[in-house]
């Protein structure tokens, strides 16, 4: 739809809209300008229809709004000369409309969707790095940002709006991207933001407690993740069989690829598979020997921990399922690098090994600590906090995990937002059998400094919770802060 005309855009929905040339599509009235199409949806927190007058005042050419109440589907109202077209179930139609508006960019590259509680960022980055090594022009979309490898622009959400996703994909196509690995969040699935995307492969990493403030319970959270497989006609489905939910899903997905590092293939499994046979952890990373439906081999990687072995095997299985040659994948595996802020290691002679990780759920913290322990000769330190205005139930669980798996624990502020930091730390400490084992230090810089200065050279210090983030949310303020830069400064290295 090169001319971006309102009539042509809405015709497939059976709506007779007036002819209007359109420049860009936007959900934010504050960012709308002359010639744009403003889309007014009823969101989780705000109703975009309240901002139609503001968008019209800023010169938009047309408005599409959610139909509700007395206003019927297809109704066209003229407000100050601007057509406002009402559409039923607009949220669920928006991905398709945005795809049409931006000429369906997802059709022009290999698009991979990765969902799960943990491991999405690392798995997408590994997919992009690995495919790039095989000649693709690769991109990532997710928590760290969107863009070609090495040129990623920060993003506000793991999965952007339906409009932003299609626009970002169009920009990637214009930059000649041929491969894109996208993190697909549960929020994004429930809200239909990826509904019209033509994923060639869908990957499931794992499921553990997170986002219950939004989904309510684990059953609804699981159902949200399942949408990637139940509502998309994805040819290649790659499932972590070591996860209980993944194992259950495999019974519904006989054509999927089952991936295991714990020899947990489903009983009498007839489908494709990949399994680790031997895993050796060492101070430089890990060596993995595997077998699969495509053959076997050994991969040497600088990644840390068991869960990164799982991420690596999921990425490998995905690329094999997409017909990338095993021989070439093995040749390029050693070039894979750890992801920024994901079990990222900082070292300098005479100082402890410091690991910065994004772990902010009980399961992720457990896996990060277990990963760090595999590479630890001395004592294991853990510095972490929990975000304010988010799931309070996970706070004591994370406290219990830290007490059980670390030798020393420092509890500090994460992103307190509008909660009292003291109250958040108090919630965390209720999970300790012996709260006296934890040291509470509110200032995050002070907490990180304290751990690194006290730890010995053969110790490992895990700084968990913020990973790649370069800010801290305190009240309504967004402060400049980075665990990575703080650690690098203390160790005298470059982040």
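Each Cβ is built from the backbone N, Cα and C atoms, and glycine gets one as well.
Feature annotations, courtesy of Swiss-Prot:
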BINDING   116, 117, 118, 119, 120, 121, 122  ATP binding site
BINDING   390, 414, 415, 416, 417, 465, 469  meso-2,6-diaminopimelate binding site
MOD_RES   225  N6-carboxylysine
MOTIF     414-417  motif 'Meso-diaminopimelate recognition motif'
Intrachain C-beta neighbours of residue 416 (meso-2,6-diaminopimelate binding site), sequence separation six or more, cut-off 8 angstroms: 387, 388, 424, 473, 474, 475
Most Cβ neighbours inside 10 Å, all chains, among the binding-site residues 414, 469: 414
C-beta crowding around residue 117 (ATP binding site), within 10 angstroms: 20
Between residue 414 (meso-2,6-diaminopimelate binding site) and residue 225 (N6-carboxylysine), the C-alpha gap once rounded to whole angstrom: 27
Proximal but sequence-remote residues of the same chain as residue 415 (meso-2,6-diaminopimelate binding site) (Cβ under 8 Å, at least 6 apart): 387, 388, 466, 472, 473, 474
Residue 417 (meso-2,6-diaminopimelate binding site) versus binding-site residues 116, 117, 122 - nearest by Cα: 117
Summary of DSSP states over the motif 'Meso-diaminopimelate recognition motif' (414-417), given as helix, strand and coil counts: 0 helix, 1 strand, 3 coil
Segment confidence, the motif 'Meso-diaminopimelate recognition motif' (414-417), expressed as mean pLDDT: 98
Distance from residue 465 (meso-2,6-diaminopimelate binding site) back to residue 120 (ATP binding site), taken between C-alpha atoms, in Å: 15
Residue 469 (meso-2,6-diaminopimelate binding site) and residue 116 (ATP binding site), distance between Cα atoms, whole Å: 20
Distance, residue 469 (meso-2,6-diaminopimelate binding site) to residue 118 (ATP binding site) (CA atoms, angstrom): 16
Separation of alpha carbons, residue 469 (meso-2,6-diaminopimelate binding site) and residue 119 (ATP binding site) (Å): 16
